[in-house]
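Here is the structure we will look at, set down as structure tokens.
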Protein chains: 2
Amino acid sequence: MSSEWTGDETVASLGEAETLSRILPLMPAARDTLLGPGDDAALVSAPDGRFVVTTDLMVEGPDFRRAWSEPHDLGWKAAASNLSDVAAMGARPTALVVALAAPTSTPIAVLEGIARGLSDGCAAMAPGAGVVGGDLSTAPVLMIAVTAFGDLGGRAAVTRSGARAGDVVAVSGVLGDSGRGLDLLFRLAVDHEGEPDARLGSELRGRDAGVRWHLAPTPPVGDGVRAAEAGATAMLDLSDGLALDATRLARASGVVIALDSSSLGDDPHAALSGGEDHSLLATFPSGTPLPGGFRPIGTVVPREHGAQEHAHPVTLDGIPLAQVPGWDPYAWSPEAR
Amino acid sequence: MSSEWTGDETVASLGEAETLSRILPLMPAARDTLLGPGDDAALVSAPDGRFVVTTDLMVEGPDFRRAWSEPHDLGWKAAASNLSDVAAMGARPTALVVALAAPTSTPIAVLEGIARGLSDGCAAMAPGAGVVGGDLSTAPVLMIAVTAFGDLGGRAAVTRSGARAGDVVAVSGVLGDSGRGLDLLFRLAVDHEGEPDARLGSELRGRDAGVRWHLAPTPPVGDGVRAAEAGATAMLDLSDGLALDATRLARASGVVIALDSSSLGDDPHAALSGGEDHSLLATFPSGTPLPGGFRPIGTVVPREHGAQEHAHPVTLDGIPLAQVPGWDPYAWSPEAR
């Protein structure tokens, strides 16, 4: 556990105004801001008369453990998961707002670390995007709710429903790394009672790229606009595992997605079932030169005439995936384990 | 406590997909939605090439108690506090996104009640505004983070910094009612150990308009656009009490706000110190016919030559408010009481 979690100067000892004055200067500035933090609301440019919006919540316990995550990781990951959703529409991220609830005993250094993580994450994944507003409250556990915005530059949004038979299925980013990292943490970085252990987590992080990806992923945000410009017919962010997310895309498009196991790396099961990679899954018309980091992993084929709408619409080497492993925050919460 | 808090059918027993399928149809539709819930992100119209955005967090404990609030209240109040911030910029609310974290034991009826409250609140305060997206997670307490958007219709945003000497200071909405309601709840609707009591709270709610306003306020959202169209020079939402919020407006504008106690009702202290009214405080050029529900409560006067920037810039009947009572979520949290 990083020493930031144990400082003496807490949000309660500083109060809201001083807390804000400490963290606001650390937040990334947004290029498209017309009016930033400090009023009842912010004003953001939407050059083509529309804006893309997504929201994603991270809660201590189900979504992260303070023994394993540093504050900087939390800000970075909150940025990553939201920026990736904006990218998956084919949009350029422009701005974020951040609502944060923390126990009153939380050291100010934790909030400063989160702010720096948001800033560094935006700079690395979506230069020019920044934080235009936020809210603070108290809670028994740390919670970060980010809402992110994007600009389509006059293009149509790339939804989940546009895949057509004959399209190439492609992915940009890792497959299964985040899930493998989380599995490793739960197997190797816990104490005798199964509770997350900070020292073991820190050691594991130094040795394993999957653990690092799980704690602070760097999804290929810029590939969202590249895919849209290259003519992607459908796209989504891989947050719940390839099997479940490909099923969503296939159902929304009324097609079958035929995956090729040889393109899924050494561990196709992990690639199919691991959540939180935040890679981009997209379909492109056959013959399209794949942009950025996209690589082919399968093809789109027609749904058989008479096939039920709820038949399993994803195949692996021609065999229907009979059961779709995926991630359900309620079914998988620590309380339910 | 409403019976919705104690149902057998919980979010854990239903899982995320079924929970979403139950609450999404109850959410209000937004007229300006180009693409609604169901994809990685939503797409909202921003007719004049800009959008107003604000975010506000409600956490069980510091922000509400389940003994006193019904689920419908929580959705309604989450809508009210955000719509009011949009209105305070002079904008018409268009859309909201909702991030919700709940204990896995939460009955689905609670989430359905929150969704209906959001829907009814939007219909009452900002017809045409609706929910375009959201996220679900689990947490030890219930938490609702709403982000709301608005359209300025080509006008400049009405900020806090435009008040000029000679302007009339006016308010639309109640003054101090919410704070009086909260005080009553803490004095009269608690058990022998000081814990919130559902039956006493329900009785008190039936008898007292301030309690009802605190639990489910109906701020004058439409008066935001009316004030902007009438030429308001500055405006903000009264969320932390008139004294503190008037101080913010005065400091941002570099002026002094001279309040007249005879216009603050029977209990000027409550009007000055009570938070969460979500009324609109605005300044208008002298002689402007006040629009909607606005009524005069004072005037803007110049800051004395040589006065320190941090001198108290709000006076009551000519006497500087030496100490600004207000509401700080950290200083006032239950842990700190």
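Each Cβ is built from the backbone N, Cα and C atoms, and glycine gets one as well.
Unlike curated entries, TrEMBL annotations are predicted automatically.
Annotation comment: TrEMBL describes A:ASP40, A:ASP85, A:ASP237 as Mg(2+) 3 binding site. The DSSP secondary structure for A:ASP40 (Mg(2+) 3 binding site) is coil. The Cβ of A:ASP40 (Mg(2+) 3 binding site) has no same-chain neighbour under 8 Å that is 6 or more residues away in sequence.
The Mg(2+) 4 binding site annotation in TrEMBL covers A:ASP40, A:THR54, A:ASP85. Packing around A:ASP85 (Mg(2+) 3 binding site) is summarised by its Cβ count: 31 other Cβ atoms lie within 10 angstroms of its Cβ, all protein chains included.
Under the three-state DSSP scheme, A:ASP56 (Mg(2+) 1 binding site) falls in the strand class. Annotation comment: TrEMBL describes A:THR55, A:ASP56, A:ASP135 as Mg(2+) 1 binding site.
A:ASP56 (Mg(2+) 1 binding site): 26 other CB atoms within 10 A of its CB, across all protein chains. Here TrEMBL flags A:ASP56, A:ASP85 as Mg(2+) 2 binding site.
The substrate binding site annotation in TrEMBL covers A:ASP63, A:GLU276, A:TRP327. Every protein chain considered, the tally of other Cβ atoms within 10 Å of the Cβ of A:GLU276 (substrate binding site) stands at 23.
Residues or ranges marked as ATP binding site by TrEMBL: A:GLY134, A:ASP135, A:ARG160, A:SER239. Its Cβ taken as reference, A:SER239 (ATP binding site) is surrounded by 22 other Cβ atoms within 10 Å in the chains shown.
A:ASP240 (Mg(2+) 5 binding site) falls outside any helix or strand according to DSSP and counts as coil. Per TrEMBL, Mg(2+) 5 binding site is recorded for A:ASP240.
Positions annotated as domain 'PurM-like N-terminal' by TrEMBL: A:38-150.
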How many whole Å apart are the CA atoms of A:THR55 (Mg(2+) 1 binding site) and A:ASP85 (Mg(2+) 3 binding site)? 9
What does DSSP assign A:GLY134 (ATP binding site), in three states? strand
Per 10 Å Cβ neighbour count, which of the binding-site residues A:ASP63, A:ASP135, A:ASP237, A:ASP240 ranks highest? A:ASP237
Rounded to the nearest Å, what's the C-alpha distance separating A:ASP240 (Mg(2+) 5 binding site) and A:ASP85 (Mg(2+) 3 binding site)? Just drop the number here, would you? 12
Could you check the binding-site residues A:ASP40, A:THR55, A:ASP85, A:ASP135, A:ASP237, A:ASP240 and tell me which sit with their Cβ under 8 Å of a chain B Cβ? A:ASP40, A:THR55, A:ASP85, A:ASP135, A:ASP237
Residues that sit under 8 angstroms from A:GLY134 (ATP binding site) by C-beta distance, when 6+ apart in the chain: A:MET27, A:PRO37, A:VAL97, A:VAL98, A:ALA99, A:LEU100
Spatial neighbour of A:ASP135 (Mg(2+) 1 binding site) that is closest, considering only the binding-site residues A:THR54, A:ASP85, A:ARG160 and their CA atoms: A:THR54
Do any of A:ASP85, A:ASP237, A:SER239 (binding-site residues) have a CA within 10 A of A:ASP56 (Mg(2+) 1 binding site), and if so which? A:ASP85
Proximal but sequence-remote residues of the same chain as A:ARG160 (ATP binding site) (Cβ under 8 Å, at least 6 apart): A:ALA234, A:MET235, A:LEU236, A:ARG248, A:LEU249, A:ALA252, A:SER253
